[in-house]
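First the structure, in the form of structure tokens, and then the observations on it.
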Amino acid sequence: MKFEDLLLEIGGFGRFQILILFILCLPRINLPMHFLLHNFLAATPSHHCAIPHQAAFVNLTMEEVLLISIPREPDGTFRSCEMFSQPQFHLLLNSSLQPENNSIIQHCQHGWVYDHSQFTSTISTQWDLVCEQRGLNQATATFFFIGVTVGAVVFGYLSDRFGRKAMLLLSLVCSVVFGMLSAASVSYSMLVITRTLTGVALSGVSLIVLPLGMEWVDIQHRTFSGVLTSIFWSIGNMLLAMVAYFMREWHWLLVAVTGPCLLSIVCLWWVPESARWLIANGKVKQAHRHLLRCARMNRRKDFAVSPEVLRGMATDKKPGESYSYISLFRTPVLRKISLCSGAVWFGVAFSYYGMSLNLTGFGLNMYLSQFVFGIIEIPSKMIMYVLVNRVGRRQSQAWALILTGLCIGANVIIPKPFTSLRSVVAIMGKGFSEAAFTTVFLYTSELYPTVLRQNGMGYTSFVARLGGALAPLVFLLDEVWRSLPEVTYCGVAVCCGSVAFLLPETLNVRLPEGIEDME
């Protein structure tokens, strides 16, 4: 007897599974609220150099004080990082004059003055992470994703070794602790360290939620479960815009996006450990207890399977044998799957963050833009729900990623004046990119056997975070050729999408339990 046959006997998608999925979707909402928090946490409002002895210019308006103190850009706006060494009173007579002697222009000497109309405070205004220090501002996001990358390796291994639920609980508790410490940061160094550790902890949540839910669901409802969980990411996107709109002070914003983890910790009490994992690791009595509870909730009173039957379902694992990331490359089929899925994950994350950082043209404020981006993702997920069940996982994954690349490439060719057309193509690309991300989570969790599933998710997530970390750096290539960043995103997406054709199809296929099922 296979585990899927057992699920059919106890109810493969009843009240028990619905309860588990709902509870597991709560921490899923929290993920984008932290992963995309940098947009608001480190936002840099308009600013200019602080002007010394400003009280001496009592007869001048603020605009006139700026005119004689701050040089202007060619478009007429005041520069953010430079000031005149001496007031240029002659500019009051003719403001169109530009100083011919650059020696009177210097960097800000007395700090900065920020526009607080949109943000009460951000880490940029707190520690003056602007101008020469703007790299430190961007580095907070880099350090966070370094933490996520490390967490993918750590929790991928630990959840296969010690169980899904225990590691999910650990990651949620650590997320609360380090999230609150981030909010209480009194220095930039403290913020960087706590945000990095928060990334490590949240990586566990990201890795474990989907496989834990899917391991309790039958074949027919696996796609629904994966897409449902993914939709809650988009809901988190929209909620982030709302929370950030009402919380304009960065300390309280961090508290607001971290607090919901407490609710997830409480609700996790009702989520059982994966019976698949328990059986695969020889913990038959616990698995039997959870299966009986599932049958009772699903009103399958005639269910009766002895622990001995479950023991016979356990994979052939030698005493003391454990699996690691090296196991992903030991056998031919697993090696091919690991190499190909790693390439696909890199392409998905690389193009997704490339699109997200470069999608413009809405003409909306950042709060409304964040909300709209969340809404845009939902239709693409619903369409993918139909496609992965009709044309299969492999075709859907490959073409979603290839079309993402083609949309990026199309905007290289479309002339700049066609702003409406460029915006439509960019939105289509964003939709395809989100569809590729939705599919890759579902697809990967079906490719790996139970004994290695979390190791596989950890490895692919690690590769994805590398893609996400490299994506912003590609924008620097515009110094070589203006369109080179877009050409790079396009080429990587198309090539990695083509690699997906080499993976096996998993539509309506039993989840493999052990390595021998793969080979």
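Cβ atoms are placed via backbone N, Cα and C, with glycine included.
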Given ranges 139-159, 475-495, the stretch to which TrEMBL attaches the annotation transmembrane segment: 139-159
Where TrEMBL places transmembrane segment among the ranges 39-58, 399-418: 399-418
Outside the transmembrane segment (367-387), six or more residues from its ends: residues with CB under 8 Å to it: 32, 36, 39, 223-224, 227, 230-231, 233-238, 240-242, 244-245, 356, 359, 395-396, 400, 427, 430-432, 434-435, 438-439
Recorded stretch, among 139-159, 192-212, 224-246, 252-271, 337-355, maximising Cβ pairs under 8 Å relative to the transmembrane segment (166-186): 192-212
